[in-house]
């Protein structure tokens, strides 16, 4: 059985467009040394492999055509390859290329050395707030990138997240992903992570990924999905009602209580006298209902504190340039001139601690290299530009106008 031969190139392989023309070739299984099995799925297995010519270590995903045909998911594989091969982000697993033979399809994937997040969560039972916040922030950046490329993942869950060699999180398995040019009605993904619109089979868009991010955050902190129930019907009901219930001992630190009690009211109608657990409940409900806010800086920061930066791997030069560009755009929206913001960005050291005010919109340094993570309530969703950079940009703009 061939996988829709009309959708494949003349050759039996496809590699990343980043590879120079001279290096593009027809891959075969003989080009790889096959190592230990890394995992198995419904349609095949994943093996550690080494490309013989370059000695590059990869993960080789082997899918059986007969099983794909039997389950009628060939279209999902084609879509997964088409979408994932064009995504370039440090928190998204790379798909370098693919090839196939009479019985199997082989996907050449980036190797995530520390394995599956699901297994790590099972081992730890739940994650600390610092670790959870770091993971959620990195996932948010990856989803912002995907949504900017008009891609919805639609199946964000621990089983589809991998951990790289330096502990960075990577989104994998784009089998349910689609482009966002049209609204969808398909019910897909995993029940515990489905948003109400999917449960009701109504139109949905990129916001389904935001819902999953909120569910993930809860599971990171408490070790179980928020709407889990013995019967599927009960899970459906709880999702539709946004019926959030928390364990009797929520993970709330003294820093969180201090942040809540000292936060200055800004006329938004919030009750500052709430107990921390009530505050967390209200925040999570607000995130999950989200009122179509999108994964942008409208999400308020409830996880800002005074801890040392949690350093994550340095971004590539490409990512640093992208982040600097995003920071420049944010500065322009704040009223500064692009040249002034760019000058401020280039003047700031690579590693910048984030300084933000409680209840203000969340910010991160322009490189994405360091986060100030507190032990407060739930999660930080989106990052824009470091407050210090924007202040510097405004001063430069004022000086430029005076001159």
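Quick reminder: no glycine exception, Cβ is built from N, Cα and C everywhere.
Among the features that TrEMBL reports, region 'Disordered' is placed at 1-22.
The domain 'Protein kinase' annotation in TrEMBL covers 32-284.
TrEMBL lists 42, 61, 110, 111, 112, 159, 160, 173 with the feature ATP binding site. A coil conformation is recorded for residue 111 (ATP binding site) in the three-state DSSP classification, outside any helix or strand.
Following the DSSP three-state reduction, the secondary structure of residue 155 (active site, proton acceptor) is coil. Residues or ranges marked as active site, proton acceptor in TrEMBL: 155.
Every protein chain shown contributes to the tally, and the Cβ of residue 157 (SUMO2 cross-link) ends up with 19 other Cβ atoms within 10 Å. What TrEMBL records for 157 is SUMO2 cross-link.
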If one measures from the C-alpha of residue 157 (SUMO2 cross-link) to the C-alpha of residue 173 (ATP binding site), what distance in angstrom results, rounded to a whole number?
10
Note down the number of other Cβ atoms within 10 Å of the Cβ of residue 173 (ATP binding site), including every protein chain shown.
19
Checking the binding-site residues 42, 61 for other Cβ atoms within 10 Å of each Cβ, the smallest tally belongs to 42
Pairwise Cα distance for residue 110 (ATP binding site)/residue 155 (active site, proton acceptor) [Å, integer]:
19
